[in-house]
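Taken straight from Swiss-Prot:
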| type | residues | note |
| --- | --- | --- |
| COMPBIAS | 426-435 | compositional bias 'Basic residues' |
| CARBOHYD | N26 | N-linked glycosylation site |
| CARBOHYD | N31 | N-linked glycosylation site |
| CARBOHYD | N79 | N-linked glycosylation site |
| CARBOHYD | N149 | N-linked glycosylation site |
| CARBOHYD | N165 | N-linked glycosylation site |
| CARBOHYD | N242 | N-linked glycosylation site |
| CARBOHYD | N322 | N-linked glycosylation site |
| CARBOHYD | N368 | N-linked glycosylation site |
| REGION | 419-464 | region 'Disordered' |
| SIGNAL | 1-15 | signal peptide |
Amino acid sequence: MTKWLLLMVCLGIACQNIRGGVVRENSSGKNLTNTLNVIHKWKYLDYDFDNDERRQAAIQSGEYDRTKNYPLDVDQWHNKTFLAVIRYNGVPSSLNVVSDKTGNGGRLLQPYPDWSFAKYEDCSGIVSAHKIAIDEYERLWVLDSGLVNNTQPMCSPKLFAFDLNTSQLLKQVEIPHDVATTGKGELVSLTVQAMDSTNTMVYMVDNKNTLIIYQNADDSFHRLSSHTLNHNSDKMSDQQENLTLKEVDNKVYGMALSPVTHNLYYNSPSSENLYYVNTESLMKSENQGNDVQYERVQDVFDSQLTVKAVSKNGVLLFGLANNTLSCWNEHQSLDRQNIDVVARNEDTLQMVVSMKIKQNVPQSGRVNNTQRNEYLLALSDRNQNVLNNDLNLEHVNFQILGANVNDLIRNSRCANFDNQDNNHYNHNHNQARHSSKSDNQNNNQHNDQAHHSSKSNNRHNNND
């Protein structure tokens, strides 16, 4: 597989350089191996072709190859679980829902909203859904890279929005090439901030480490470049199963938006540093030039961060190397003593490639139903097998895991503080600046921010 395949299949987070950092045990002393429950699992991904004749025809034509299907992202709305599958030759549909039907590999996938969107010859369908996100207004946002095999641009990159109540397409926005400057659709991350149904911001990152901001109100795009988004290539090795990868490009992945502080957290896959920027400054950035302040937290994490998500109470949950999930509460200062481990499992947490926090408990699986306010949804795979393209189709290779957030952090350092508010957060946050480095001066010194606004040529309905 190519370097991009290695990078993108695991969302740029599989190439973790495990340097022997020690992740502390959970402060509660509880057993961490079973804190996450298995909701769905697959030996390989298969699809609901309606009948066996259709499946056999897809296999014979090369439309479907069970060894080429790798899930990249997961999200859930009521009883629908969405699964994004990166498009390689042999992937019949990139955007799917998990059906009630079961095949030999696991639950069958159904193209969403139907098979017509899985066809892309005329560029009206979805080529490769790299990231998906569901907002508070019951809309599914889909970032389509337009690439096949991660290298072949078939169509322009696009942003789709679907009404989940009707499964109707609300908007299909072509991302202009002068905004996605690579011209190859190499867009790799997606986060949505919906102030209301019209005033919605969509944050994306391209493979040149540039933040692209889409404003739903007027269908405009603009770019923000910063050296915090631009990391040099490192030589790094993944010691899991003796797998070694060298000279893999650093990219920005795993963005997470806090509903408490409105901070947008991000990091490069080989970095132990965490960066963040407040989205209020991003909203003003189009007109205010360099008035965007980026913060960097360094020397806090024992190993590299992977994907992450933030709860409604400000608990940042994130993956680390060594098969663990950890947490930090935004109401506390960001230092080592306030970070805790909430899950560890060498099998199910070998590599977490997607993480979401949802408001309703899934309809299947063993997730605790006693508190229905929030639960963690995580997608994991067998890292070394995916990277080496040698999946053992007799073993479980992909899993969707879940846990009630309150149960997950109970008795940990991240347990919610009901008597704390954002003022207390700001006080502690300011105290933590000794471990945070403001990059605003560096931005001005290096003149490394570039802005570009563009009105896109969109095809969309007027009811959005």
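Placement of Cβ uses the backbone N, Cα and C atoms for every residue, glycine included.
Ranked by Cα separation from N79 (N-linked glycosylation site), the glycosylation sites N31, N165, N322 are led by N165. Minimal Cβ crowding within 10 Å, among the glycosylation sites N31, N149, is found at N31. Geometry remark: N149 (N-linked glycosylation site) versus N322 (N-linked glycosylation site), CA distance 29 Å. The most densely surrounded of the glycosylation sites N79, N165, N322 is N322 (count of other Cβ atoms within 10 A of its Cβ). Comparing N165 (N-linked glycosylation site) with N31 (N-linked glycosylation site), their Cα atoms are 40 Å apart once rounded. Each residue contributes its Cα atom, and for N31 (N-linked glycosylation site) and N322 (N-linked glycosylation site) these two points are 16 Å apart.
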